[in-house]
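The disulfide bond annotation in Swiss-Prot covers Cys26-Cys37, Cys54-Cys154, Cys61-Cys156, Cys129-Cys146 and is backed by sequence analysis. Swiss-Prot lists 33-155 with the feature domain 'C-type lectin'. What Swiss-Prot records for Asn121 is N-linked glycosylation site, and it gives sequence analysis as the kind of evidence. Annotated signal peptide per Swiss-Prot: 1-23, in sequence order.
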Amino acid sequence: MGHFTFTGLCLLAMFLSLRGAECYTCPIDWLPKNGLCYKVFSNPNTWLDAELFCRKFKPGCRLASLHRDADSADLAEYISDYLKVDGSVWIGLNDPQKKRTWVWSDRSSSNYFSWNQGEPNNSKNKEYCVHLWAPTGYLKWNDAPCESLHPFLCQCKY
């Protein structure tokens, strides 16, 4: 009886530890944050190509959605540490209807915005996508033409 109980407890412990590891293990060089994993990719892409790259990377991946100052600060530090090129970084915020109604590509909702001063300004009536602006240390947002080429930040559910 004692051997059976010991074996059962060992199997239960192994199952629980494997299950926990599977639910929230980010790959190496990804940043774990609030149940998601984030990675900055240095290869410049348009906003749409960056979004499609994230989606193809793994089911449940999109361009990153930012919902709090604390998360933005951690992600800005991560980008500064890992980005291999200079430049602003696409995030998942865009205006697909071109009516100044900003939505996240993962369809999440938020009242949080971190626009740089004077933004969004829709310069030349063609800025419908959003990047983390490099001159602000990746803390503030700027609207930009979606066809511009920038590195990008993916978020994935693991």
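Yeah, the Cβs are placed from backbone N, Cα and C, and that goes for glycine too.
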Cβ neighbour count within 10 Å of Cys61 (disulfide bond): 21
Cys61, Cys154, Cys156 filtered to the disulfide-bonded residues whose C-alpha is within 10 Å of Cys26 (disulfide bond): Cys156
For the domain 'C-type lectin' (33-155), residues assigned helix / strand / coil by DSSP: 31 helix, 37 strand, 55 coil
Spatial neighbours of Cys54 (disulfide bond), counting only the recorded positions Cys37, Asn121, Cys129, Cys146 and Cα distances within 10 Å: none
Distance, Cys146 (disulfide bond) to Cys61 (disulfide bond) (CA atoms, angstrom): 19
Residue among the disulfide-bonded residues Cys129, Cys156 whose Cβ has the most other Cβ atoms within 10 Å: Cys129
Residues satisfying Cβ distance under 8 Å from Cys154 (disulfide bond), sequence separation of at least 6: Tyr38, Lys39, Val40, Phe41, Ala50, Phe53, Cys54, Phe57, Cys61, Arg62, Leu63, Ala64
